[in-house]
Amino acid sequence: MPVVDYSGISLAPMAGYSDMPFRRICRRFGSALSYTEFVSTDAVVRENVRTLQMLRFAEDERPVIFQIFGYDVDTIVEAALRLEVLRPDGIDLNLGCSVPKVAHKGSGAALLQSPEKIGVIIEAMVKRLRVPVSAKMRIGWSDSGQAVDIARRIEDAGASMLAVHGRTADQRYTGRADWSVIGAIREAVKIPLLGNGDIESRADAEERMRRYGVDGILIGRAAHGNPWIFQSAANPVTAQELSSVFAEHLQAMLDFHGEQGLFRFRKHAAQYGRHFAMTDAQRSQLLSAATTEEMRHVFEQIVNDRRDSVFPSQKGSVTNQECCVL
């Protein structure tokens, strides 16, 4: 079985965000791993074209981890076997998404209510797959009382790595991530452990790694519009570089998503724009741009107002915007 180096600071899997264009940009700035957006095992087995397109990746992204979600053990294993043919470096089971359309079917974070089943699923995947199997979980559904037990079950079932977000499913993104639970899991398992939750800078990531002994860190919302968060604080970002990456990202979205690329990029545009003191009118113009040329022009005007500015390469802004950090 291939060995994956899970150490370092990486982009977390996020529905609607961690597509190939954004992953490649973050990888270039230092993200250690590339997690895909999660895909439904039911859709994989049905050979849904849109679902399979979400798993496209570039060789320069490796190591690449496909993330899947599902409920039925046989379907999960069948889907994982089909995806293994696409040569990912690992396959990860989502145990963290709590959005209703996923959790109401018993998938994602809802599986945290069935610890024994989690062990059965992981063990079945490990027995059939040739690539490493991992899982990403929250610390519980409504409380963290079973977090350590679930982590041990995942390890005992043969998982190669575990990532933990320090909130319960009920919390969604309210309150603060409870890193003490992640620390307790670290003491309980020997497999590589990645921590996730409320990481707003590279300095935050390095401090959590030292304090809690995790092998790596996943950064989610704070990376939006801020791929520089993965690089050293010694490298401030100029307005010119920010503008250049904006244009690169926009073009990559168009190349990858086709005519939907401009629409899909709007959420990224808003995040790049928050580095500047945009007026309400500028924000409205940016997000309502009807053509690629119009969006580029509006952003250039915003940048020109602060052409000589530099921005910290580390500090992100964790907001409550709608995205599911998987």
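Using the three backbone atoms N, Cα and C, a Cβ is placed for every residue, glycine included.
Taken from TrEMBL as is:
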type: DOMAIN; residues: 11-297; note: domain 'DUS-like FMN-binding'
type: BINDING; residues: P13, M14, A15, Q67, K136, H165, G220, R221; note: FMN binding site
type: ACT_SITE; residues: C97; note: active site, proton donor
**OP:** Report the mean pLDDT of the predicted model across the domain 'DUS-like FMN-binding' (11-297), rounded to a whole number.
**Re:** 96
**OP:** For A15 (FMN binding site), list the number of other Cβ atoms lying within 10 Å of its Cβ atom.
**Re:** 20
Subject >> R221 (FMN binding site) CB neighbourhood, other CB atoms within 10 A >> reply: 22
**OP:** Within 10 Å of each Cβ, count the other Cβ atoms and name the one among the binding-site residues P13, G220 with the highest count.
**Re:** P13
Original post:
In angstrom units, rounded to an integer, how far apart are the Cα atoms of the residue listed as 'active site, proton donor' and M14 (FMN binding site)?
Top reply: 10
**OP:** For K136 (FMN binding site), list the number of other Cβ atoms lying within 10 Å of its Cβ atom.
**Re:** 27
Subject >> Neighbour tally for Q67 (FMN binding site), based on other Cβ positions within 10 Å of its Cβ >> reply: 26
